[in-house]
Every structure is written in structure tokens, then in C-alpha cells.
Amino acid sequence: MNTIQVIIFAVVLVLTVTVGQADEDSAETSLLRKLKEAEASLFGQHLEESQHSREKRCLGENVPCDKDRPNCCSRYECLEPTGYGWWYASYYCYKKRSG
């Protein structure tokens, strides 16, 4: 009789633990879903835009560039050097002129 009680107790204990974990997992999942919804409502589209709006790798100032495919940063433009750099026969990234 004692062994049957021990077996029943063990089965009840195992069921209690597994059901309790299932409840914790579902509560955690629902909390995560609520947090994602709150984040989406607070920040909206701004997060998605800023995530993809970062400028890709680009060249800085006074760096050689290809005039056919310039990959200078947005505030620079690919121009033929003037003055001291004319003998290099290459284009360089220079700050855009205002005006």
C-alpha cells in the first residue's frame, strides 16, 4: 500500500510541476507579446526607419573615388583634384560646396 501512495504522489508531483511550468511559459509569452505591442505603439515606424536608414560604408574626405561609381559619403562629392593634387590623375571625395 505504501508503494502505491508513493507512486501516486510522484505522478501528482510531476503533473503539478509540468502544468505549473506551462502556466509560467504562457504568462511569459503573453508578457513578451504585450511588451512588443507597447513598443510598437510607442515608437511606431520610427524604429524600423532608423534601423535601415544608416548610411552604408562610404568614403570620407580626401579619399580617392571612382568618378563613374562614386561611393563618397552623402556630405561629400567625387571631384577632380585642383591645385596640388592634379598630378594624381584620380578623383577624390571633397565636401560639397554650398551654393
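Note that the numbers count up from 1, one per residue, in the order the chain is shown.
Quick reminder: no glycine exception, Cβ is built from N, Cα and C everywhere.
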Worksheet entry | Selected from C72, C73: Swiss-Prot disulphide partner of C93 | C72
Worksheet item: Pick from C58, C65: which cysteine does Swiss-Prot list as forming a disulfide with C78?
Response: C65
Discussion item. Restricting to the recorded positions C72, C78, S98, which ones have a CA within 10 Å of the CA of C58 (disulfide bond)?
Written reply: C72
Worksheet, complete the sentence: Fewest C-beta neighbours within 10 angstroms among the disulfide-bonded residues C58, C65, C72 belongs to C58
